[in-house]
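Pulled from TrEMBL:
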| type | residues | note |
| --- | --- | --- |
| TRANSMEM | 12-30 | transmembrane segment |
| TRANSMEM | 50-69 | transmembrane segment |
| TRANSMEM | 81-103 | transmembrane segment |
| TRANSMEM | 124-149 | transmembrane segment |
| TRANSMEM | 155-177 | transmembrane segment |
| TRANSMEM | 189-209 | transmembrane segment |
| TRANSMEM | 236-254 | transmembrane segment |
| TRANSMEM | 275-300 | transmembrane segment |
| TRANSMEM | 378-401 | transmembrane segment |
| TRANSMEM | 407-431 | transmembrane segment |
| TRANSMEM | 438-458 | transmembrane segment |
| TRANSMEM | 509-536 | transmembrane segment |
Amino acid sequence: MQIGDLDLADYMVFFAMLLISALIGIYYALTESYETYIDLLMAGQQMTGYPVSLSLMASFLSAITVLGVPLDVYKYGAIPLYDLVTYTIVIFITGELYLPVFYRLRIISTYEYLELRFNKFIRLIGTVVFILQMVFYSGIVIFVPALAFSDVTGFGLQTAVFATGVVCTFYCTVGGLRAVIWTDFFQTLIMIAGFLSIIVKASIIQGGLSNIIKHSKDGGRLSNWVFSPHPYIDNSFWTIVIGGIFTWTGVYGINHCQVQRYTCCKSKFHAKLALYLNLMGLYVVIICGVLCGLSLYSLYHDCDPYEAHVIKEEHQIVPFVAMDILSVEPGLAGLFVSAAYGGTLSTVSSSINALAVVTMEDIIKPFLHDPSPATLSIISKAICIFYGVACVMMAIMAVVFGSLTKMIVRVTGILGGPLLGLFTLGILNPFANVSGSIIGITIGYTISFWISIGSQLYPRPFDFNPPLPVSIENCTEARTIYHNWTRVLEQPVLIPWKGNLKSYQMLNLYWISDMYICMIGSTITILTGSIASIATGGIHQDIKKRLLLMKEDTILCYFKKEDEVEGSEITQLA
């Protein structure tokens, strides 16, 4: 069997994953009585922390993670391990700063907080930004694995896009949030199993994990640790950790896909339990992704498939290795394909469900006059279908206009920074007022887009993040006959920078790493919003304490007796 072929067992495994995901939706549609749309889209706010923890993780760990982390390790070394530090700090910040406020208010839409703290107009800004961000992001999440697998496995690109879009829209619509959470749980296990299948099989082929580690060490994949603070370097420890803290806090702290998860828990204890168990799961996924990347390098350390013209694009190397080493075992290649598409399903279904909640609460419901629960439930299902179609259409646009992919992903990151700053301003600064918040987020978005557009018009002349070297010295004919492809026209590449960064001490904002864009947008929003609020009389306003972070929310009160904490909160709210 040539690489590029899936056998019957592989297709059975893949379609079994899709079928089980759909059946979970059917199960909850038949067994749960959704009396209101809150029951449908918020699981009645009665979920426990255990399944929610994996759902939190799966919501943004998509096929981009399954395919991207091993590729980064293969090209740059084990730098994704820096994310272990990033995620630890992000989860702590989320659990101690944002979660207590949102859970105390028991809000349905995250952006309801913006109306409670500021006004309806600012709530609408947050809602519109979220909708744009998630539709763009979901479309790319559908597109990326479909593109990566289309040539390597023979999966049709359009077929894969429609299949994933239809299945996740189906179980979101009929099963609601309970179905989404439990399919996320199932698909997370599939993702980890996909990683393990490559790691175990590669260890067998290479004579043990020790040989994989040896090859990786010899090839510099375990020694390429960069600690330069220079903001042009994408793969520096400081860039990944500092930039990542802001980027991922924008995801876990204020993005409704995540906030919806812990606010649907039946108690604050289960909400925090879900968040911190999710951290353990993130550790597992990152470590598995790194080991998978090291396995890739060990297998191809002397014959890089891309340089040997075996694959068309670099991003196809992970699907390629899956087909190369797993296709000899019935069903294993299908398991890895399921892992990638399972990640897609979990992310897109979470997005569709969250989009439905936000659209219903923030846009449609205010215009309805005393609607019945049945009416709201029907409308919410129609919204789920609408966003499912919208995400598929965005993926199709990415198929047709592939050059838009990088731009869209970048735009979704830019949108999150000032919004994070706006929420942080409201939660931490009691002086923040409407005028200050509008001025702050306007300046935040202006500068974020200015830097982003400038970086496209005036790109970096050097590649400050060159990949580690690869080899084709042992590429025998037997290792290069898998395909008769001729690689597409080579794209112009930046010349790797080998000079001294001190010669570029003058900061050019257009060359700054994308990882810092969110930090810049949120920081500027907070600073300018605070100054403008004080200048416009915010210091004299009276804000309800329940809308701010209180000392009772912090970890310092964790060991207090529950009745003492509740009594203290009642006193503060009064």
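Note that Cβ sites are derived from N, Cα and C of the backbone, with glycine treated the same way.
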(request) Verify whether three or more Cβ pairs under 8 angstroms connect the transmembrane segment (407-431) with the transmembrane segment (189-209), leaving out any pair fewer than 6 apart in sequence. (result) no
(message) If you count every Cβ pair below 8 Å, which range out of 81-103, 236-254, 378-401, 407-431, 509-536 shares the most with the transmembrane segment (124-149)?
(response) 378-401
(message) Are the transmembrane segment (509-536) and the transmembrane segment (236-254) close enough to be called in contact, which here means at least 3 C-beta pairs under 8 A that are separated by 6 or more residues?
(response) yes
(request) For the transmembrane segment (407-431), could you work out the same-chain residues 6 or more beyond its ends whose Cβ comes under 8 Å from its Cβ atoms? (result) 97-98, 101, 113-114, 117-118, 122, 126, 129-130, 132-133, 136-137, 139-140, 246-247, 249-251, 253-255, 394, 398, 437, 440-441, 444-445, 448-449, 452, 456, 514, 517-526, 529-530, 533-534, 538-539, 541, 543, 547-549
(request) For the transmembrane segment (236-254), could you work out the same-chain residues 6 or more beyond its ends whose Cβ comes under 8 Å from its Cβ atoms? (result) 56, 60, 79, 82-83, 85-87, 89-91, 93-94, 97-98, 110, 225-230, 275, 413, 416-417, 419-420, 423, 513, 515-516, 518-519, 522-523
